[in-house]
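Asks: Here's a structure for you.
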Amino acid sequence: MTVFEGNFENSKDLNIGIVVSRFNDLITNKLLSGCIDCLKRHGVNVETNENKVDIAWVPGAYELPLITQLMARTKKYDVIITLGAVIRGDTPHFDVVISEASKGIASVTRDTSIPIIFGVLTTDTMQQALERAGIKNNLGWGYALQALEMGSLVNAMKISKV
């Protein structure tokens, strides 16, 4: 029996793409900061001259799937993290945006076999979003951990030709 697991020690050489929604940037900037901090602390060189981490900004969560797909098709990235914040309003717009964003991002994962981390907050209020992107609990950190684990896991499986 073979057991495959992601290994954080083997993740510092991963090429990581991050796609960030500019809408609700008060939140998404905090998520990105937590994400970058986690990557640094796990040995990923996030300096711009190293080209280990690339960041693309899009207008909103609805645009995340397209740019994620374009990044994935380059085959440069071992894993891609999507970051966004969709906060419920008084209209059905919230439901449409999050439905299309989540389906689109999932489709990219299936079509490319590149792990895509779904880091899009869906909250009822700005306060809930701030709590999830804050100092005590920044989900951006967790999304980066997922990326390191999934990137190293997929690479291990490729080496074993599973």
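Using N, Cα and C of the backbone, Cβ positions are placed for all residues, glycine too.
Pulled these features from Swiss-Prot for this protein:
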ACT_SITE  HIS93  active site, proton donor
BINDING   PHE23, ALA61, TYR62, GLU63, ALA85, VAL86, ILE87, PHE118  5-amino-6-(D-ribitylamino)uracil binding site
BINDING   ASP90, THR91, ARG132  (2S)-2-hydroxy-3-oxobutyl phosphate binding site
Asks: Sequence gap of 6 or more, Cβ distance under 8 Å: name the residues on the same chain that satisfy this around PHE23 (5-amino-6-(D-ribitylamino)uracil binding site), in order along the sequence.
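Replies: PHE23 (5-amino-6-(D-ribitylamino)uracil binding site) has long-range Cβ partners PRO59, GLY60, ALA61, GLY84, ALA85.
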Asks: With the 5-amino-6-(D-ribitylamino)uracil site defined by the record as PHE23, ALA61, TYR62, GLU63, ALA85, VAL86, ILE87, PHE118, how many Å span the farthest pair of C-alpha atoms?
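Replies: In whole numbers, the farthest two Cα atoms are 16 Å apart.
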Asks: Look up PHE23 (5-amino-6-(D-ribitylamino)uracil binding site) in the DSSP assignment and report helix, strand or coil.
Replies: coil
Asks: Between THR91 ((2S)-2-hydroxy-3-oxobutyl phosphate binding site) and GLU63 (5-amino-6-(D-ribitylamino)uracil binding site), how far is it from one CA atom to the other, in Å?
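Replies: Each residue's Cα considered, THR91 ((2S)-2-hydroxy-3-oxobutyl phosphate binding site) and GLU63 (5-amino-6-(D-ribitylamino)uracil binding site) end up 19 Å apart.
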Asks: For the binding-site residues listed here (TYR62, PHE118), tell me which residue's CB has the most neighbouring CB atoms inside 10 Å.
Replies: TYR62
Asks: Determine, to the nearest whole angstrom, how far the Cα atom of HIS93 (active site, proton donor) is from the Cα atom of VAL86 (5-amino-6-(D-ribitylamino)uracil binding site).
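Replies: Pair distance, Cα basis, whole Å: 10 Å.
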Asks: Could you measure between ASP90 ((2S)-2-hydroxy-3-oxobutyl phosphate binding site) and TYR62 (5-amino-6-(D-ribitylamino)uracil binding site) for me? Cα positions, answer in whole angstrom.
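Replies: Given the Cα positions, ASP90 ((2S)-2-hydroxy-3-oxobutyl phosphate binding site) is 18 Å from TYR62 (5-amino-6-(D-ribitylamino)uracil binding site).
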Asks: What does the structure give for the C-alpha distance between GLU63 (5-amino-6-(D-ribitylamino)uracil binding site) and ARG132 ((2S)-2-hydroxy-3-oxobutyl phosphate binding site)? Integer Å is fine.
Replies: 22
Asks: Looking only at ALA61, VAL86, ILE87, the binding-site residues on record, which one has the least crowded Cβ, with the fewest other Cβ atoms within 10 Å?
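Replies: Each of the binding-site residues ALA61, VAL86, ILE87 was scored by Cβ atoms within 10 Å; lowest is ILE87.
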Asks: Any idea what the Cα distance is from ILE87 (5-amino-6-(D-ribitylamino)uracil binding site) over to ARG132 ((2S)-2-hydroxy-3-oxobutyl phosphate binding site), rounded to a whole Å?
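Replies: Between the Cα atoms of ILE87 (5-amino-6-(D-ribitylamino)uracil binding site) and ARG132 ((2S)-2-hydroxy-3-oxobutyl phosphate binding site), the distance comes to 12 Å.
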Asks: Excluding near sequence neighbours, so keeping only residues 6 or more apart in the same chain, what lies with its CB under 8 A of ARG132 ((2S)-2-hydroxy-3-oxobutyl phosphate binding site)?
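Replies: ARG132 ((2S)-2-hydroxy-3-oxobutyl phosphate binding site) has long-range Cβ partners ILE27, LEU121, THR123, ASN138, LEU139.
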Asks: Can you check what DSSP calls ALA85 (5-amino-6-(D-ribitylamino)uracil binding site), collapsed to helix, strand or coil?
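Replies: The residue in question, ALA85 (5-amino-6-(D-ribitylamino)uracil binding site), is strand (DSSP, three-state).
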Asks: When you measure from the Cβ of ASP90 ((2S)-2-hydroxy-3-oxobutyl phosphate binding site), how many other Cβ atoms are you left with inside 10 Å?
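Replies: Other Cβ atoms found within 10 Å: 6.
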Asks: So which of the recorded positions is most packed in, judged by how many other Cβ atoms lie within 10 Å of its Cβ, out of GLU63, ALA85, THR91, HIS93?
Replies: ALA85
